[in-house]
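Positions annotated as domain 'G-protein coupled receptors family 2 profile 1' by TrEMBL: 1-63. Look at TrEMBL and you will find 79-329 tagged as domain 'G-protein coupled receptors family 2 profile 2'. What TrEMBL records for 81-104, 157-183, 195-212, 232-252, 273-296, 308-328 is transmembrane segment.
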Amino acid sequence: GCPTEWDGVSCWPALPLGQSRAAACPDIPHVFKEPEGLIQRNCTEQGWSLPSPPYHSACQLETLSNNDTEATARHFVTMKVLYTCGYSTSLAALLLAIGIFSCFRKLHCTRNSIHIHFFTSFVLRGCAVFVKDGVLFSDESIDHCTMSTVTCKAAIAFFQFSVLANFCWLLVEGLYLQTLLLLTFTCDRSYTWGYVLLGWGVPMVTVGVWALTRLQYDNHGCWDDYSSPYWWVIKAPILLAIFVNFLIFLNVTRMLAQKIWCPDLSRTHKQQYLRLTKSTLLLMPLFGVHYVVFALFPEHVGVGARLYFELVLGSYQGFLVALLYCFLNGEVQAEIRRNWGKWQRSMESNVFNLATQDFTA
């Protein structure tokens with residue numbers, strides 16, 4: 001048959017002799033006017049046939065001047081700079097937030113422990129993006145169609161694990177919020193191990209099954225092709241987590257409205273409900289909405305928009321999470337102010353003692 005081939009525009013997977021394969025025009029900004037066209041290639045005794053119709057005919061290739069080519073290059077360079085800055089900012093904010101929750105003893109509780117795990121999943125996701133870029137795109141001369149090393153496959157597996165863990169811990173945040181409302185703020189630590197198994201265990205098992213499946217049935221390339229049918233092993237749990245979170249969002253909104261409008265509920269309890277729920281209610285519809293929208297379309301449709309949402313806007317999600325759950329949290333701010341005042345009084349006392357000792361001497 002015909003081996004896997006990279007023709008400079010698209011990647012064509014291996015085919016048996018006599019079969020043909022159709023591929024859609026790649027969605028490359030400023031290159032193709034209409035990326036909806038189809039190109040077909042046949043596997044013959046002489047190898048792969050030429051694309052029919054040609055790319056410039058099926059996809060209506062734009063006439064690019066040198067300025068347009070430079071603009072396209074700047075577009076991708078700018079996108080990389082933006083998401084690199086975004087992930088760097090998110091990593092710094094998340095690590096600081098983890099340090100705050102870990103250092104102050106009064107902030108140690110089940111809710112903040114779940115927040116730490118959630119922050120850690122974002123840290124892993126940011127690190128996975130940098131690792132993947134370093135492995136896959138460190139050398140521009142690499143043929144990404146035929147590249148198939150253990151290192152690049154491990155980088156992709158780590159990236160898929162971090163993304164899936166990210167959505168699973170978002171689901172845990174929603175489940176815990178619903179539990180708090182149902183149990184009237186009774187923190188039951190017996191659920192903690194269940195949350196850990198859901199947040200880390202499910203992604204680990206899922207990615208393990210996906211990796212074994214790819215090794216057995218589809219072991220070509222770096223496993224970064226989303227056209228493979230085995231991609232649904234990863235995609236289905238993510239969509240399920242988003243769907244369940246949406247149902248939790250509706251249920252929490254209903255319960256919150258009932259409790260707030262309850263005439264027997266004190267003002268203090270109403271403020272407590274609002275404070276505990278506002279962050280998660282903001283995050284639930286924010287994260288994963290674009291994922292659901294793009295999941296309804298084939299992987300080759302809207303690549304430019306998909307990259308922008310996944311890389312540029314997605315890179316600042318960790319910073320937003322740290323901001324909502326930690327830095328804007330009234331309990332955290334009060335604890336930081338209390339310890340800051342305690343530290344200042346301790347420093348003043350030490351200075352006074354030193355001055356008194358010098359005066360006495």
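Here the Cβ of each residue, glycine as well, is placed from N, Cα and C on the backbone.
Unlike curated entries, TrEMBL annotations are predicted automatically.
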Subject >> Tertiary contacts of the transmembrane segment (157-183), as residues 6+ beyond its ends and Cβ separation under 8 Å >> reply: 110-111, 114-115, 117-118, 121-122, 124-125, 127-129, 131-132, 191, 195, 198-200, 202-204, 206-207, 210-211, 223, 234, 237-238, 241-242, 244-245, 248-249, 251-252, 255-256, 259, 273, 276-277, 280, 283-284, 287-288
Original post:
Any residues 6+ beyond the ends of the transmembrane segment (195-212) with a Cβ under 8 Å from its own?
Top reply: 114, 117-118, 121, 153, 157, 160-161, 164-165, 168-169, 171-172, 175-176, 223, 230, 233-234, 237
